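Swiss-Prot has this to say about the protein:
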type	residues	note
TOPO_DOM	1-20	topological domain 'Cytoplasmic'
INTRAMEM	21-39	intramembrane segment
TOPO_DOM	40-55	topological domain 'Cytoplasmic'
TRANSMEM	56-76	transmembrane segment
TOPO_DOM	77-97	topological domain 'Lumenal'
Amino acid sequence: MLIPEDDKLDDEKMINIAKKLWFIGFFFLPWVWLINILYFIPYRNSLNDKVKWYLKFSLIGFLGYSTIFMGWMGIYLVNRNKWGAFGDDISITIPFG
């Protein structure tokens, strides 16, 4: 467990933590959804159905967002030079060369 109090989490506290992490993940922070899933792994045998719902959709959100992001990164890295000025315009940093 992460902290000694974790052994004493009741269902209401678990639901509250899972819900907060799930909502925080919507602010373009999909890694928070992953943390939500990893945090509750030790409790997986005793989870409430509501917590399982948040964890299931955290996993779906994390995988979906990561797939879209990695797909975009692949397309961008392969085609940036072909796009010319547009490829440079959408860059955060413009590489030299």
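Yeah, the Cβs are placed from backbone N, Cα and C, and that goes for glycine too.
Among residues of the same chain six or more beyond the topological domain 'Lumenal' (77-97), none has a C-beta under 8 A of the stretch's C-beta atoms. Long-range contacts of the topological domain 'Cytoplasmic' (40-55) within the same chain: residues 1, 6, 9, 11, 14-15, 18-19, 21-22, each at least 6 residues beyond the stretch ends and with a Cβ under 8 Å from a Cβ of the stretch.
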